[in-house]
């Protein structure tokens, strides 16, 4: 009886232990499968997430008829290699039709990918890639994409003001490890382009030259990983967009290439520009009217004309810009650093600007507000102006080009700049020991800490006419 009881106890203990180890083993090998088709782009450290854009109009279910499958398509039904649609990729043949056909095919399916593969040099003429498209569309550029070489090769029927246009898209990504080559040299050499003389002066005459990449009336756009270079004019432009993320791109053109702004924003909201390098012949980043909630971090800028807000208020127009942040950025060998420029006679406002943790290296006009911006010698004096207020400069350090004072606040005679805050600003001459005095005109603000050079020219308090301005010019 005792032997039987012992056997029964051993059996019960063995059963319990076996069940326990089985559950442990199952727990070790249990996993959660990710959702199919969901991508997780690397978050740009350290910026906060962008604000959620307002939902756009509903996208039609099938904007393009499905084309017949092209021979040699990828095993994935969602990847449309342009070479399968007839692209040659030798840098000489016109591959425009192949890109248009691949776009139509990818646009018609969810998570479609237009692929320009590595090793190809694809030449296409001025093209509008339009939507609406199915969700998740990607243009993957791993080769080289370029326009015709100069104005003489540009087709007569094509628009000379733009080359690649992305229009009416939502949830679109332009990415890859490839290069967008602008072939800009012959455009820069046109006699109507501004050219800088040996004395530093320039003569200008407007003439049509294409912006290389333009996003127009689109939402939730991402551009990442690309190299964009030698644009005839602006490298990348966003007009009427909302929800833009630009991450880990390189933009480059020669220092004296005219009008080659790196990234230009106009009437665009909720923008993040992160971890990128821009060197060019004009503004690194320019922010025009109608822009708000722009976050710029981790950018290396220069040689260039710096980071600019404006020009604003031209031809007596109203301009509204607000909530712009520039942090953790380097500006080097540039004609300007952090600039706000407005024309006389405009209305509206520029407000809530934060410039923080900026390193300057041999920069002319490190900090500048210019409310007398003019591109000729005959601009007349006017009483109205775009109001500039609530501007913070924090931890701005480095060296400046001694040809101009490092701090310059030239505010309107009638519409003062107000609530300017300076904290931990230390700017020393790149050459020599003489520190230039800042310039202030009708600028109100405060120093939270001592600055180098000392900025004793800021006025205390607020101007008497402030209330009258707010009732007439507010955005």
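Note that Cβ sites are derived from N, Cα and C of the backbone, with glycine treated the same way.
Taken from Swiss-Prot, the feature region 'Disordered' applies to 35-75. What Swiss-Prot records for 41-50 is compositional bias 'Pro residues'. The feature repeat 'PbH1 1' is assigned by Swiss-Prot to 241-267. Sequence annotations record features per position, and here Swiss-Prot assigns repeat 'PbH1 2' to 268-289. Sequence annotations record features per position, and here Swiss-Prot assigns repeat 'PbH1 3' to 291-311. Taken from Swiss-Prot, the feature active site covers 305. Sequence annotations record features per position, and here Swiss-Prot assigns repeat 'PbH1 4' to 321-342. The repeat 'PbH1 5' feature in Swiss-Prot is assigned to 350-371.
A contact links the repeat 'PbH1 5' (350-371) to the repeat 'PbH1 3' (291-311), because at least 3 Cβ pairs that are 6 or more residues apart lie under 8 A. Cβ atoms under 8 Å from those of the repeat 'PbH1 4' (321-342) belong to residues 46, 255, 284, 287-313, 349-371, 373, 385-386, 388, 391, 393, 396, 475 of the same chain, restricted to positions at least 6 beyond its ends. As a whole-number mean, the pLDDT of the repeat 'PbH1 2' (268-289) in this prediction is 98. Note: the repeat 'PbH1 1' (241-267) comprises 0 helix, 13 strand, 14 coil (DSSP; helix = H, G, I, strand = E, B).
Around the residue listed as 'active site', the same-chain residues at least 6 positions away in sequence with a Cβ under 8 Å from its Cβ are 281, 282, 283, 284, 334, 335, 336, 339.
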